[in-house]
Protein chains: 2
Amino acid sequence: MNSIHPALIGSLSSTASPEKVINFSPGPTSLPEAVEKQIAANFQKPGLTSLALSHRSPEFIAILEHAVNTARKVMAIPDDYEVLFTHGGGHGQFAALPLNLCHEPTDTATYVVNGTWSARGCDEAKRYCNVQTIDAQDTKTGNYLSFPELTEEIIDKESKYVYLCSNETVNGIELHRLPKLPESRKHIPLVVDASSDFSTKPIDWHGCGVGVLFACASKNIGHPGLTITIVRKDLLGKASPLCPGVFNYTTNSEAGNLWNTPATFNIEVVGLVMDWIEREGGVEANEQRSIAKAKMLYDVIDNANGFYATPINDKSLRSRMNVPFNIAGGDLALTEQFLIESWEQGLIGLRTLTPFGVGDYLRASIYNGITLKQVTTLAEFMVKFAQKHR
Amino acid sequence: MNSIHPALIGSLSSTASPEKVINFSPGPTSLPEAVEKQIAANFQKPGLTSLALSHRSPEFIAILEHAVNTARKVMAIPDDYEVLFTHGGGHGQFAALPLNLCHEPTDTATYVVNGTWSARGCDEAKRYCNVQTIDAQDTKTGNYLSFPELTEEIIDKESKYVYLCSNETVNGIELHRLPKLPESRKHIPLVVDASSDFSTKPIDWHGCGVGVLFACASKNIGHPGLTITIVRKDLLGKASPLCPGVFNYTTNSEAGNLWNTPATFNIEVVGLVMDWIEREGGVEANEQRSIAKAKMLYDVIDNANGFYATPINDKSLRSRMNVPFNIAGGDLALTEQFLIESWEQGLIGLRTLTPFGVGDYLRASIYNGITLKQVTTLAEFMVKFAQKHR
């Protein structure tokens, strides 16, 4: 008989009472409570549910326009960018990017690899273009602990774009502001995978030369099955003839996000989350909340006299979204005990199935759905656990 | 001031009371009432909502396995087929098919074009392989009114697959049973777009040599953002190197539908619809309901002394899912009056934005979400309208 504790296989069904459960999953994860309540209330209304709306009905068109417009407003997306809702998640965009921006397979694209997700994006691009890689892997540990300086020497002048992931979910590295390419490379559009940090800080669209920025919905702004892809209009019309229609930015833009049936309900939810951000003070206030939440956990880790450790020493690169930490240098028995005790108190999602690398790292993901109060609960648990087991 | 009546722009917000509204949209559309109630009830439960479940949690894995297994059971899918949940809708599969089944762009695939959707699938395939077309377009009307006999003369022996759409939503043509390829072509897998008829009749998987069958969820089995793609296992491992990872049947199959984050909630809903079909007597009973619903509308049309007409004369090809009809030979004023009067009584979704071709055809889509009683309401309205205006 297999008697492994549910906490150790990543169960989300804590024995704590439901109202005590706090979901620290790296995504999919909980939405802000107010949004979840609004969705539940919408399903109680008489008449058609959100799932039943024809994508060509005026009712859905209003929902779509609302989602586009509030995203534009909240993230200050300039008019020379299209806001697309795309299929296929982040992985879909890994293929869509080179297929849209490299007309020929001989075209070059530059990939900054500083973690698991940029590595995956880079691998997928290799099918469709000539990839130039800037790899930030730490040769000693095999982990990604830093972000390379983007000098003109390491970026091909002919590159169709420079790609980076602004928050590496697995590795816990975040660019709190997007970098600017050197003067001689400013003609190259920056392409950003912002899947796990979109909506949590302002973006300097023109200043940083953003060409395309995409974010799968299931971390900060919605639930799985939808990606928001923001494309500077001058980059349209360059797709490879091999680009599948569903991935083609140009045709989807021309069709107003209705080239084929979009994920209607998922789009509605993104609109609700954008409304919530706006109500709560906009992206600036959201960033302050993120800073405060992350600081609380990193402070516990840094003040634990080595009982907890996080891999990223450079505080300017520490992720505000995903806080990886290990216990007593990766002690397996203590890690399991931490997982079980926290889970029984309703703190779930801390164990992930994505291997971090060396050590048994746990990870607290603290997206928009998590409040400062909820982070405090985890922080207090961590302090007590350290006191007991140090 | 634009005073066009909402019914004429396809509004779903009827002035009838919500409980009277019946949604005849061609998809996305309503789910069976029992399923909609179950979803609404699930959102009322305390604790995590379905939107918040990590795709790697045991809780979601159970939901995924349930959806796969009930789909297998309800549709009698043999063990030598994989059940995949894919991104990108039907259009995604239009690209995925040649990319998975034609390793080389010089490979040939045969497309039977008998309506709007097979034409679109055919167009997308042309990017990736050599397409042989069997076109059933009626030269007189420009419409698709028949289905060609699949003889060995018209199917290339080397073809990697023969593609067809088993129900043409726009044109109202349905194959009530899948065809069998001629003996000398039985080595060629049949590929079926069953987007708008999946789950409404049995499929003879082995007997008809089905290689791949796919259905976007948003008509009979769920809501937009998900496609079920059923692949015979011997067809795995043949993908083109150009196939995007999210479309690759082999890697998605090897990863147990978790190669990337799937549309978790959408998958849960498919499982609930499959449960409903099973509870209501399985696919055979579901087919009988479909036959009865369609017969009721076609009987009204055929018995209206020409007041109503439907384009497909061959009754063995009439769609049980989508019933196109025009009024008084396409009389615009009467058609608009029909739309307004029916809409005010809660009969919505009859106007579509997809142009049918000659004549102003309306269309009643009567998927799993529509009951015989609801069809009766429409049939009675049609009879009364004809009596009044003939």
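Cβ coordinates come from backbone N, Cα and C, glycine included.
These features come from TrEMBL:
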DOMAIN    A:22-377  domain 'Aminotransferase class V'
BINDING   A:Arg56  L-glutamate binding site
BINDING   A:Trp117, A:Thr169, A:Asp193, A:Asn260, A:Thr261  pyridoxal 5'-phosphate binding site
MOD_RES   A:Lys219  N6-(pyridoxal phosphate)lysine
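DSSP gives the residue listed as 'N6-(pyridoxal phosphate)lysine' a coil state; it is part of no helix or strand.
Largest Cα-to-Cα span within the pyridoxal 5'-phosphate-binding set A:Trp117, A:Thr169, A:Asp193, A:Asn260, A:Thr261: 30 Å. Closest to the residue listed as 'L-glutamate binding site' in space, going by CA atoms and restricting to the binding-site residues A:Thr169, A:Asp193, A:Asn260, is A:Asn260. On the 0 to 100 pLDDT scale, the domain 'Aminotransferase class V' (A:22-377) averages 95 in this prediction.
Looking only at other Cβ atoms within 10 Å, the busiest spot among the binding-site residues A:Arg56, A:Trp117, A:Asp193, A:Asn260, A:Thr261 turns out to be A:Asp193.
Sequence-distant neighbours of the residue listed as 'N6-(pyridoxal phosphate)lysine' (same chain, 6+ apart, CB under 8 A from its CB) are A:Pro26, A:Gly27, A:Pro28, A:Thr29, A:Thr169, A:Ser195, A:Ser196, A:Met321, A:Ser365, A:Tyr367. In this set, none of the recorded positions among A:Trp117, A:Thr169, A:Asp193, A:Lys219 has a C-beta falling under 8 Å from a C-beta of chain B.
Cβ neighbour count for A:Thr169 (pyridoxal 5'-phosphate binding site): 26 (other Cβ atoms within 10 Å of its Cβ, all protein chains included). Annotation note: A:Asp193 (pyridoxal 5'-phosphate binding site) sits in a strand segment as assigned by DSSP. The DSSP secondary structure for A:Arg56 (L-glutamate binding site) is coil.
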